[in-house]
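Participant: Okay, handing you the structure first.
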Amino acid sequence: MATTTAIPAGIRAGQLPRNAPVGLLILSLVVTGALFLVFLLAGMTAAYNVTGAIFFGLVLWVVVTYVTSFLVEGSRRAKDRLVTTLVCTAFGIALLPLISLIVTVLTRGLARFDVAYFSESMRNVTGPGGGAIHAVVGTLEITLAAAVISVPVGLLSAIYLVEYGRGPIARGITFLVDVMTGIPSIVAGLFAFALFALITGNAGYRAGFGGSVALSLLMIPIVVRSSEEMLKLVPMELREASYALGVPKWLTVLKVVLPTALAGIVTGVMLAIARVVGETAPLLLVAGFTDSMNYNLFDQRMMSLPVYVYTQLTQPGTDVQDFFDRAWAGALTLILIVLILNVIARVVARFFAPKIASR
Amino acid sequence: MTATIAPVVKAPKRAGDRIFSGAALAGGLVILLALAAVAVFLVAESLPAFGAKATDIPGTAGQFPTFWAYVAPLAFGTVWAAVLALVFAIPFSIAIALFISHYAPRRIARGLGAIIDLLAAIPSVVYGAWGIFVFGPFVRPFWEFLAETFPWFPLFSGPVDPNARSILTVALVLAVMVIPIITALSREIFLQTPRLNEEAALALGATRWEMIRMTVLPFGRAGIVSASMLGLGRALGETLAVAMVLSPNVIISFFLLRSQNPTTVAANIALQFPEAFGTSVNVLMATGLVLFVITFAVNAASRAVIGRRAAGKGI
């Protein structure tokens, strides 16, 4: 009994107790919380200042931890604790915008997240009512067309780079994929506009397909990068076993390499779609905006969900709140689509991945 | 030994092989063609802008005599907003990356990384809306406090924009959008620090921070630089968040809190393009070309840093 209590005391002598940081954090928050309550009761602030209480509580925590540690443990450990508190605080602060965003979109978006929203367009709507079905259809068509362009091109390029590519052509393609990753989305939109304006000779060209071309320009590099990574993960032994059985290279790639990497490739494609489905700028330029339903990808302006949110916010009619409600409902829909795509991607990666021995 | 070298047996070239490798090569060539087309079409559509008259400049009352006088403030605004965003984003990103790689309990670290990645998945138009309606009103009292407390500091001089639609607000929104990118890359680099180096530092009695300062940060320095450059590239090209939150002017101004803010190339295009016609379209195309050149230079620089590190000279 005597030894079990004596040893920990000896080891931890001259140190703060294990739960000191958490205890000090609670203490600081209570102190500043009480202080701001006093400010409220004294009439210095109109409402209880939650942000201020938390902020100054965190500042107090950082200072108090440093000072106590400095007095008890010395300057080196005090500096270590200072960095620990700062790093934890930074992570906490980074979470605040995310929480604020999600709460805002949920509370403001649910007002119009109803059946009418997903069954009506904005044609002849100037006040309440209306919906975003034309924008949802537009987003689906434009994004699907972009995927139909980018997936074959991206996948074939990845196969070329991993299985065939040697020498200057492969190096050139790798370099250009890197360049493409950095293209600003608005430049992709300008390119698609310039391309179709020159081809059709129509200086005011607007159509959904132009948006698809712009999006595929942004999507191809993501698909190439992720597929390349996945193809490289396929063990060389699998290919060699196939060659040893006399299978030609193209059948090996098609029947052995691709099925092994399929789950990863599908995940990459899903994430690429999630990445471009929220792109606004290129669609604003090339696909334009409209209040009416348009099923034809190749003719006339076509609304998409991000542009819908943008126009509802920036061009509200007389009754502003109706437009803002529709915009937030659109933002909620958009975030849900992105989240669902991300979840599907992770599920595919988790459950359909082949069992490869760890490298 | 030397006399009998077996002749090299070459596999017969099958038609399937030729077709398949040809298709794969074609896929790669499409990328080559697409980028060449981007360059050619942008340049072709931009050429008329260089002879543009003052009346062709969109959204202005003809106060810019030439295209270059117009694009200079825009380029300045683009770089200024992106650099301000990075000033906030880089320290936070390094701290968050360190938290996930070296401080958080290992069991939840992956989940925390995924939460930060979620910030990158949110569309920029939603950031714009959030910036106008939630973040702007939230930061306004702070900006007024800054302007009243430090009126002698030139950057903070008022009057403060009544809706806080100033460049400092925009820079903070941009920082939130860029943080997940820099964090994700720095985290990967920090995790690659040689385990033996870290353990050697700890065995010599270093505290956790001293271990990080002696092993993780020197190892990850090049990675942090290139991650920041990629973040800079993203911030330079960001359109909607800037276009929606900022109250724009085509000026060169360093004031952080006022209503007259230098707008960015991308935001200017988004705002002017729907109503532009004739040579105005070409002028906007040419500003887009300038943006493309700037982002290309930044990305090339970041890749050079990564390349140096891969060659083993960066550490």
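Each residue, glycine too, has its Cβ placed from N, Cα and C.
Found this in TrEMBL, in case it helps:
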type: TRANSMEM; residues: A:22-47; note: transmembrane segment
type: TRANSMEM; residues: A:53-72; note: transmembrane segment
type: TRANSMEM; residues: A:84-111; note: transmembrane segment
type: TRANSMEM; residues: A:131-161; note: transmembrane segment
type: DOMAIN; residues: A:136-345; note: domain 'ABC transmembrane type-1'
type: TRANSMEM; residues: A:173-199; note: transmembrane segment
type: TRANSMEM; residues: A:205-224; note: transmembrane segment
type: TRANSMEM; residues: A:256-277; note: transmembrane segment
type: TRANSMEM; residues: A:327-349; note: transmembrane segment
Participant: Can you name the far-off residues of the same chain, 6+ from the ends of the transmembrane segment (A:84-111), with a Cβ under 8 Å from a Cβ of it?
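Facilitator: Residues 21, 58, 61-62, 65-66, 324-325, 328-333, 335.
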Participant: Pairs 6 or more apart in sequence, C-beta under 8 angstroms, 3 or more of them: is that satisfied by the transmembrane segment (A:256-277) and the transmembrane segment (A:131-161)?
Facilitator: yes
Participant: Return the stretch with the most CB pairs under 8 A relative to the transmembrane segment (A:131-161), choosing among A:173-199, A:205-224, A:327-349.
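Facilitator: If we count Cβ pairs closer than 8 Å to the transmembrane segment (A:131-161), A:205-224 scores highest.
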